[in-house]
Amino acid sequence: RLGSVVAYFTSAKFLLYLGHALSTWGDRMWHFAVSVFLVELYGNSLLLTAVYGLVVAGSVLLLGALIGDWVDKNSRLKVAQTSLIVQNASVILCGIILMVIFLFKKELLTLYHGWLLTMCYILVITIANIANLASTATAITIQRDWIVVVAGEDRSKLADMNATIRRIDQLTNILAPMAVGQIMTFGSPMIGCGFISGWNLMSMCVEYLLLWKVYQKTPTLALKSAKVEESELKQLNVKKESDVKPAEGVQLIVEKDVTGFEPPQEKEVGCAARIAEPFVTFRDGWVAYYNQPVFLAGMGLAFLYMTVLGFDCITTGYAYTQGLSGSVLSLLMGASAVTGIMGTVAFTWLRRKCGLIRTGLISGVAQFACLILCVVSVFMPGSPLDLTVSPFADISARLFENEPLPTIASPEAEMILATGMPNLLNGSTTPANSNPEMSPEPVPLISVSLLFAGVIAARVGLWSFDLTVTQLLQENVIESERGIINGVQNSMNYLLDLLHFIMVILAPNPEAFGLLVLISVSFVAMGHIMYFRFAQKTLGKQLFVCRTPDPKAAADSSPPGNTSTV
């Protein structure tokens, strides 16, 4: 028994978990802290934070396919090590620059009329964006490629590994910001910068060693399928439904490795062709994504990002306008993490009982059913829904009266201003639809209670569905396209996420939040309809026949046109 325990803790699977936990912990600390640092540096304004968010989202949207193509064209170890070093070195450099700015901000303001300080801000945002792009490359190569190779052809093992990775994500999403937040609260932003830089330096060394160990323990990681010729690729992507519907299960794709593969002689490429190459890669990546048999499933997942029904600054800001305190919200966030972990457990159980594709259907129905509570909350007592109120009435009145917009004096007010809801002045938790000159009447909590009950309960289905689509992409995308397809999937996710922020900008007041809830639920429904269409095309008449898959057979059905090549 002791030997089996030691064997587990030294296995490639556990080492992969440990490396992911360290990477995700550092990532979550940095993403939380950099926004706070930028607010602190720019005089309690959210301008730099907004610019940073826009640059990050735009970069992944435009460069996702190129990053994925780079992952495909290089060896696994080189990609993992390079992205790891670039990511951590960028965060360390950013931390050092921020410490210098915090120390010498007054002096920097006086040099060159403040332009030197502005250049420092631009440098920080640029380097932080590079760190995020490297983090994207790391996620693609480890979570979408290495994990498939480590699992081998055991799909149950792959499902368990995917679920464990998500549980690690759920825990670090809550614990890492709490940890660095305490350090910054009882220390200072400069101490926070130093701690994060030191953590990333230590973590980089340990993660590098863990990657090397996993690579050594999994010899198949050294074998990577040869790049398919462009003519072959087009034929593969354009394949339509096969005449015979396969049985439940997705076949893992086994391709010839690069052993003995001699690349063709490279032809001289002109300057114009080199300039056009990134644009061609971008186009080919999106075309290849569209032609994937799991395209509709990927689109269904992306549509779930077009929502305000999550624990981001928008929903949290709305909660403050309805009178919920920070302590209550922290408890709700903890509850959402618990239901998220329950979703990962439900995924592994449902996949064993009903197969992978039907798990996605059941998860989608469960998520949508829970979100009905959110729809009901819009029309319950306490809901501020009033579409006759102009979204920009408060801002317009202040501009015409030449009154300054309120400054941020508390984290609560920061959250509200981030969502475009200017009704909370200087951290007040007075409900947005009350008159501050009169004693405010307590807002009925039935509406906001139903809203958060729906959001928290829906996370069981959400994370189970997310894991389903993730495994479908892992099992159905050929190895030579795995990077570029997942890069485009990340771009789609960021595109819909950007659209949801634009939606909030167009309707920022609490009175319009109910409308945003209805739009969000509509997009979730559209996403699941896309997945239903994918499942219908794949399983045909067996769609609603939920049976325990034959262990000797494949666990789910191969989407139309997807064949394994040996």
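Glycine is treated like the rest: Cβ placed from N, Cα and C.
According to TrEMBL, the transmembrane segment annotation covers 45-71, 83-104, 110-134, 294-320, 326-349, 361-380, 443-462, 483-506, 512-532.
By the count of Cβ pairs under 8 Å, the stretch nearest in packing to the transmembrane segment (294-320) among 45-71, 83-104, 110-134, 361-380 is 361-380.
Same-chain residues lying 6+ beyond the ends of the transmembrane segment (326-349) with a Cβ under 8 Å from its Cβ atoms: 159-160, 162-164, 166-167, 170-171, 173-174, 311, 316, 319-320, 359, 363, 411-412, 452, 455-457, 459-464, 467-468. Between the transmembrane segment (361-380) and the stretches 45-71, 83-104, 110-134, 443-462, 483-506, Cβ pairs under 8 Å are most numerous for 443-462. For the transmembrane segment (512-532), the most Cβ-contacting stretch among 45-71, 83-104, 443-462, 483-506 is 483-506 (pairs under 8 Å). Long-range neighbours of the transmembrane segment (483-506) within the same chain, counting only residues 6 or more positions beyond its ends whose Cβ lies under 8 Å from a Cβ of the stretch, are 53, 57-58, 60-62, 64-72, 136, 139-141, 144-145, 281, 284-286, 288-289, 292, 298-299, 301-308, 314, 391, 419-420, 473, 477, 516, 519-520, 523.
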